[in-house]
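Presented below is the structure to which this report refers.
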Amino acid sequence: MVLIRVLANLLILQLSYAQKSSELIIGGDECNINEHRFLVALYTFRSRRFHCGGTLINQEWVLSAARCDRKNIRIKLGMHSTNVTNEDEQRRVPKEKFFCLSSKTYTQWNKDIMLIRLNSPVNNSTHIAPLSLPSNPPFVGSVCRIMGWGTITSPNETYPDVPHCANINLFNYTVCHGAHAGLPATSRTLCAGVLEGGKDTCKGDSGGPLICNGQFQGIVSWGGDPCAQPREPGVYTKVFDHLDWIQNIIAGNTTATCPL
């Protein structure tokens with residue numbers, strides 16, 4: 001009986017430790033250097049750290065989140081490690097920025113989207129290539145890929161030298177509506193994460209892509225604080241719902257309006 005109790009206690013301790021450890025793995029593992037050719041990093045002139053991510057959708061345009069807007073944005077493309085420079089890395093600044101609303105008046109559950117026109121086009125290369133816009137809306141149950149240079153621990157922040165990637169699941173919006181106070185009953189956003197916690201986007205990942213079944217379906221918007229908590233999936237701007245606005249802006253119709 002004593003031996004059984006000892007073994008049972010050891011099992012409980014192991015399970016407890018495993019649960020706590022998994023809660024710290026926010027960004028997953030290092031991304032393969034060849035899987036994020038479309039991923040860009042946003043920073044400001046005086047900053048030493050990237051404050052957001054973005055997605056290159058063609059040679060001249062980047063899609064990110066409105067919350068990522070800053071006065072002096074710089075954009076780095078073709079990067080993997082912050083310590084080792086790729087030969088084909090390129091830097092750009094915005095020529096124009098477009099929003100559904102002013103970046104100061106967007107809501108955390110609606111219209112968190114920013115379309116950036118680069119000051120000059122980029123060329124495809126070993127580490128740079130655009131990601132196509134989605135041809136179909138996502139469906140609940142999809143496996144989705146997240147990536148970025150954001151913190152891999154929370155609430156204490158640890159920023160990696162390379163982007164981290166993880167797989168999460170797409171849930172019905174009602175899951176996020178129940179998890180986060182203040183969310184409206186309907187929204188042009190997606191709800192994605194891992195219900196047991198442990199995998200999530202976090203500070204520094206905003207604006208980056210949510211790729212579901214190979215299609216660019218979401219833009220990292222916001223989530224719980226601390227990040228990666230159980231039953232608190234993240235909220236992502238739904239790209240498919242904004243396709244008409246994006247395509248109109250790119251085509252030159254700069255007065256196009258976003259969906260209500």
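Each residue, glycine too, has its Cβ placed from N, Cα and C.
Listed features, source Swiss-Prot:
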type     : residues  : note
DISULFID : C31-C165  : disulfide bond
DISULFID : C52-C68   : disulfide bond
DISULFID : C100-C258 : disulfide bond
DISULFID : C144-C212 : disulfide bond
DISULFID : C176-C191 : disulfide bond
DISULFID : C202-C227 : disulfide bond
DOMAIN   : 25-251    : domain 'Peptidase S1'
CARBOHYD : N83       : N-linked glycosylation site
CARBOHYD : N123      : N-linked glycosylation site
CARBOHYD : N124      : N-linked glycosylation site
CARBOHYD : N156      : N-linked glycosylation site
CARBOHYD : N172      : N-linked glycosylation site
CARBOHYD : N253      : N-linked glycosylation site
SIGNAL   : 1-18      : signal peptide
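Of C68, C100, N124, C212, C227, all annotated as recorded positions, the residue with the shortest Cα distance to C165 (disulfide bond) is C212. Within the set of recorded positions N83, C100, C144, C176, N253, the entry lying nearest in space to C68 (disulfide bond) is C100 (CA atoms). Reported as a whole number, the C-alpha separation between C227 (disulfide bond) and C144 (disulfide bond) equals 17 Å. Taking only the Cα positions, the spacing between N123 (N-linked glycosylation site) and C212 (disulfide bond) is 26 angstrom.
Across all of the domain 'Peptidase S1' (25-251), the predicted model scores a mean pLDDT of 92. Cα spacing between C202 (disulfide bond) and C258 (disulfide bond): 26 Å, rounded to the nearest whole number.
Each of the glycosylation sites N83, N124 was scored by how many other Cβ atoms lie within 10 Å of its Cβ, and the smallest score goes to N83.
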